[in-house]
Structures are given as structure tokens and as C-alpha cells.
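Okay, structure first, notes after.
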Amino acid sequence: MKSYQGLADKWIKGSGEEYLDINPADKDHVLAKIRLYTKDDVKEAINKAVAKFDEWSRTPAPKRGSILLKAGELMEQEAQEFALLMTLEEGKTLKDSMFEVTRSYNLLKFYGALAFKISGKTLPSADPNTRIFTVKEPLGVVALITPWNFPLSIPVWKLAPALAAGNTAVIKPATKTPLMVAKLVEVLSKAGLPEGVVNLVVGKGSEVGDTIVSDDNIAAVSFTGSTEVGKRIYKLVGNKNRMTRIQLELGGKNALYVDKSADLTLAAELAVRGGFGLTGQSCTATSRLIINKDVYTQFKQRLLERVKKWRVGPGTEDVDMGPVVDEGQFKKDLEYIEYGKNVGAKLIYGGNIIPGKGYFLEPTIFEGVTSDMRLFKEEIFGPVLSVTEAKDLDEAIRLVNAVDYGHTAGIVASDIKAINEFVSRVEAGVIKVNKPTVGLELQAPFGGFKNSGATTWKEMGEDALEFYLKEKTVYEGW
């Protein structure tokens, strides 16, 4: 069994309790034993970031960008190694892991290039002897708290713009996937990033995370995770002595609407890919299917035909879906399945544990799910799809919007009027037309509405860079 103990020992230097990083496809496979960070360890990491800020912020932006570009090249060269580690640590298929690694090294290159064009603007003055211009400057030390489901790309899409802008960082990945960020820090170091610019800490969010975001040395917090934790972080930041910028990317309960004008074969493909790809463990995953009554029966048949071909197993094999990430999430998924059975939803596919050494679960589909059921309203974060019938487009839009979340939403249709109506009325930060609800491009801004985000600062694209910069206005007279 492959061990990553050397990687852990080199980059994760906590002094707290021991944590076992386990392969979710094989519970007997320990990837590494990791020492979690204590509050004192976190304070030390923050102090290192503070001490390094002046040097790094004064490093010319093109030089900072060159380091990111180099890191992207190195990651590309080591892509296979990154992908294997991701599959072993998080559980996703090698194909999905390689896709994420590719996006990650392209993100490094994207923000490396953007560092060359950080600039302010010049404005006209009413006084002929005055020049007005603005200057963009880094914020200071930023705290980045990242989830386990995209254990490389989300850390990169936070860290790369933060570094390009000239900030130093304390980054806390999820305890389920710390090795991916350790590998990222290693690549940045090889690319020439000075020690202390990025400081990795690993530990429980209730202790380590709270310590980071509450520290008055932290100028900004970027968090991706559950809405519950996001709201708590929002309050912690608000109670600090220092005003702190905050960026939140939170939970989702995304719907795909199948219109009566839809290509039903395409719709079934998008539903299965969006609902069961990545084991349903994505904030943009399809969790709800809203089906126009005129095509309900035909679509259901296509859906069941497609899901029967969906292959589940270890991500290192030729499969479509890997294991659930760990025992806690596995139990949560099973609890929702039992709930669905008990409240009157009809289980039409799956719902069973797949025997083996990992946390394997069949893709699961319920129909007859009503808007008052928890299956309809709550984020599950697993391979569980709920199906609800809508009498027309108006009711479908009402159902899509009838949750507290607004990350992504999709429509499958050929009727342009229906498409435009859906796009204009649905409350979500990303709308997909004849595309799966999952899948984002790095050059486009991303962020959810309602309880899926703070709707203040977007991630990815050029927008993300602005979160990590402040603007100074200068009036220069003579």
C-alpha cells in the first residue's frame, strides 16, 4: 500500500493529537499519520505570515506572477502523481482527479499571468494642477479555509490570486484531505516561493479554524464549506476588533429542470452526471430533478436506463463513481435514504450499501418527493437524487427557487422562450442550459445566491483577484 508519510512529515508540523489519513476506498489503507495543529501552532503560523508580509508585498508583482507560473508548470509535470494522491485521499475517480489537477495548474498559470497586469486607474480632476489616480495594494495576511471535495482546485483558486496580489496566507484544508495541500505547498516551494509566505495548518475547524478567523492579524477570510459553519465564521469575523473582509462559498441544493421541449436522452445523461458524478459530493451537484409532467414517464424510463450503466468502485479502477469520502458522510447519506423511505417518497433505484472495504453506496433515486420533505430542502452531499413533477414552467421555477440555497440551477430545453424565462427568474449564481449543474470554467466568476454565499465577492476569474486587493486613491497636486 502506498504511503505518503514523508510528504506529511515534511509539510505538516502540528504538535497535537494524531490523525489517520485513510483511503475511503480501502479503510485498511492508511496514507499517513498526521499530527494536528494546536491553537499555539496556529498562532505561530499566523506570526510567520505577519513577519513575511512586508517582504512579499514589496516583491514586484511580475516576480510573484513568475513563481505562480513556474508552480503551474511543475504541477503539470507531476500531474499523474497529484491525480493518484487525490484519488487515494478523497476517493474520486482517476479521470475526475486528473480533470481537477489540470484545472489547478491552469489556475496557477492564469493568476500568475494576471499578476503582470495588476493596476489602478487615472481619473480627470477639476483642478488643472491635480492628478488623480488609484493604486491596488495587498490586504495583509489572509486566512483560507478549504473543503475536502475539491482538495486541490479550491485551495489553488483561493491561494493563487491571494499570492498574486501580494498577500501572505494561512491555509487550513479539511482534515480529510490535508496531503493534497501539502503537495501544493511543496510545488510552490520548488517554484521559489519564500518560506513563511504560505503557512499550512491542519486541525479541527471548531478549534483551529475559529482561532484563525478570530485573530486580529487576519485581514481577510475566504471560506468554502457548509452554510452552518459559514454563518458562524461570519459572526466571528464581525466580532473582531479589526474590520475583516470575508468571502463565503457555502452549501447548495441544486435543481435540474427537464422541460417538455427537452432532448430526454440528453436530460437523463445530464441528470446522472450531475447527480452521481464525484459521488454527488459537490456544492454544484444536481440534488433535485424537476420534471415537466408531459414528459415525466418517458424521462423516468431514460433516467433508469442510464443509471443502470453507472459503475461504482475504487477510483483507481475503470469506474464512474468512487466511494463516499468517510464514515461520517456515509452514515449521513444512509440516514437520508432511510428518511426518504419513511416519509412516503418512492425509492426507484439504489439505496443499498455495496459490500467491500470502502464506503461504497449505490446511486440512489427517489420519486414523489414533495417540497416539504427534507430530501427536497436539505443539502445531502451524496449520491442521492430526488425527483419532483411540475405541471408547467411556472411551477417548475417556483420549485427550483423553493429552497434556501442558490448555487447552480439547470434547464434542459430546446424552447428558447422557456430557457430565457428560466434564466431570468431562477435565483442562482450559475445557470446551466443543456449542461450539467456541475462543472465550472476558471476564467468565469463563481458564487452563489441566498444561503449559498455572502454575494459580496466572487471566486475564480479576474473577480477573485479583486477580493485580495484594496484600492488607494491619490490626489497629486503641484
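Along the chain as shown, the residues are counted starting at 1.
Glycine too: its Cβ is placed from the backbone N, Cα and C atoms.
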Same NADP(+) site per Swiss-Prot - residue from GLU367, GLU378, GLU379 joining TRP148, ASN149, LYS172, PRO173, ALA174, THR175, GLY225, SER226: GLU379
All-chain count of other Cβ atoms within 10 Å of TRP148 (NADP(+) binding site): 21
Three-state secondary structure, TRP148 (NADP(+) binding site) (per DSSP): coil
Length of the line joining the Cα atoms of CYS283 (active site, nucleophile) and GLU379 (NADP(+) binding site), in Å: 9
Pairwise Cα distance for TRP148 (NADP(+) binding site)/GLU249 (active site, proton acceptor) [Å, integer]: 14
Among GLU249, GLU379, the most crowded of the recorded positions [Cβ within 10 Å]: GLU249
Farthest-apart CA atoms of TRP148, ASN149, LYS172, PRO173, ALA174, THR175, GLY225, SER226, GLU379, residues recorded for NADP(+), distance in Å: 23
GLU249 (active site, proton acceptor) versus binding-site residues LYS172, GLY225, GLU379 - nearest by Cα: GLY225
